[in-house]
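> Pasting a structure here, questions to come.
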Amino acid sequence: MLLRLEAVSKRFGQDWVFRDLSLSLKRGEVVALLGPNGSGKTTLLRLMAGLLKPTRGRVVRQGRALFLPNPPAFHRRLTAREHLLFDLGFHGVAGDWEAALTRFALPPDLPLAAFSSGMKKRLALARLLLLRPDLWLLDEPETALDQEGRKLLLEVLEEARRDAGVVLATHDRALAEAVADRAVGLGAA
Amino acid sequence: MRRVWLLALRDLRLEVRDRAGVLSVLAFFGVMLFVMALALGPEEAPLRRAAPGVLWVALAFMSTLLATRAFALEVEENTLDDLLLTPGGKEWVYLGKLLFQLLLLLPLSALALLLSAGLFYLPLARAPALLLTLALGVLGYASVATFYAGLLARLRGREVLLPLLLFSLVVPVVLASVRATVGLAEGLPLEEVAPWWQLLLVFDLVYITASALLFPLVLEG
């Protein structure tokens, strides 16, 4: 089991985002989180990553988790090459960053300030593919991607599920149906 | 250690490309030294007497500004989460941010020493001993400043809170640094200055160890 949520609840101030949520994820599984804006999808992903603590309940995680926020977070004064080299070194992972940038059609030496939203999303996917986490936590990964980018996303998700588990929050039901083994609906707590 | 260097060098690269942080530190530092020199001069005696105090006030403010800057780099771009999800201990983040500041502060301290010598008649005959004092003092100050800057990184009003929290804890470091600098400026024998260095060394070790151990806890959401 890569991830297990045991009756997890989260509250900000007096407002409950969700209550008593239980969920488990195995290697090779893709779970989609569906729900309207404000239903707690991003909060849940951050809890799963360990970036937030639950108000009640327990999150049990095995292996390395990485979280892809929406929009992806990058230093705009670094280039794609510099970003990937730093990430590979900092995570202690070996990977072919040049091949990744070629595959995702990204210029290696352009500062990220000049990247479009879609290019940043592609770079974020390339980064995840290189870092190979055990648990992929993706917040609206389809946003800002064009047709080609969406095709790459589907490929990346297929590759990810070979040896990892994926949780993705999305508003795109078609994407969820195409890639997810099951869906979890979030609504008002 | 590789992670510490990678993070420090990446931050240094970001800072060099942005320039806003270093330029604001240099502007503050230059204005402060010139205003103090104009206010206390032109006679040599009051300038020389004030030199250690002016030098350390400038260094303390420079360190505080750079500590805020070290985490502002991550908060502005929303990249702090990425660092926190790196496998292993979070103390690497603290040590990397500390090293980043030291890579900027140590050359700036040497520059401050030269300017203080020029404007405040601070004698440079014992430059190696003065540089040792600067290095020990800056290390102690920056170690606490980095810790609190990380603690406050995601809070609004962090620029106000940081000096309030920081200055109470770094009093021993500032005191020992100023006394050692005064002793060297007045020509005291090194044996009389050495106890201040020993005190600084102890505080540096305690602050760095405690901050590195506590840092993962302050970053938890």
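Each residue, glycine too, has its Cβ placed from N, Cα and C.
I grabbed these lines from TrEMBL:
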{"type": "TRANSMEM", "residues": "B:20-41", "note": "transmembrane segment"}
{"type": "TRANSMEM", "residues": "B:53-72", "note": "transmembrane segment"}
{"type": "TRANSMEM", "residues": "B:98-123", "note": "transmembrane segment"}
{"type": "TRANSMEM", "residues": "B:129-153", "note": "transmembrane segment"}
{"type": "TRANSMEM", "residues": "B:160-184", "note": "transmembrane segment"}
{"type": "TRANSMEM", "residues": "B:196-219", "note": "transmembrane segment"}
> Could you check if the transmembrane segment (B:129-153) is in contact with the transmembrane segment (B:196-219), meaning 3+ Cβ pairs under 8 Å among residue pairs at least 6 apart in sequence?
yes
> Sort out the residues at least 6 away from either end of the transmembrane segment (B:98-123), same chain, that have Cβ-Cβ distances under 8 Å to it, and list them.
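Distant Cβ neighbours of the transmembrane segment (B:98-123) are 4-5, 7-8, 11-12, 15, 22, 25-26, 29-30, 33-34, 36-37, 40-41, 44, 47-48, 50-52, 54-55, 58-59, 62-63, 66-67, 70, 130-131, 134-135, 138-139, 142-143, 145-146, 185, 187, 208.
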> For the transmembrane segment (B:160-184), give me same-chain residues lying six or more residues beyond its boundaries with a C-beta closer than 8 angstroms to one of its C-beta atoms, as numbers and ranges.
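Same-chain residues near the transmembrane segment (B:160-184) but 6 or more away: 51-53, 55-56, 60, 64, 67-68, 126, 129-130, 133-134, 136-137, 140-141, 144-145, 148-149, 151-152, 192-193, 196-197, 199-200, 203-204, 207.
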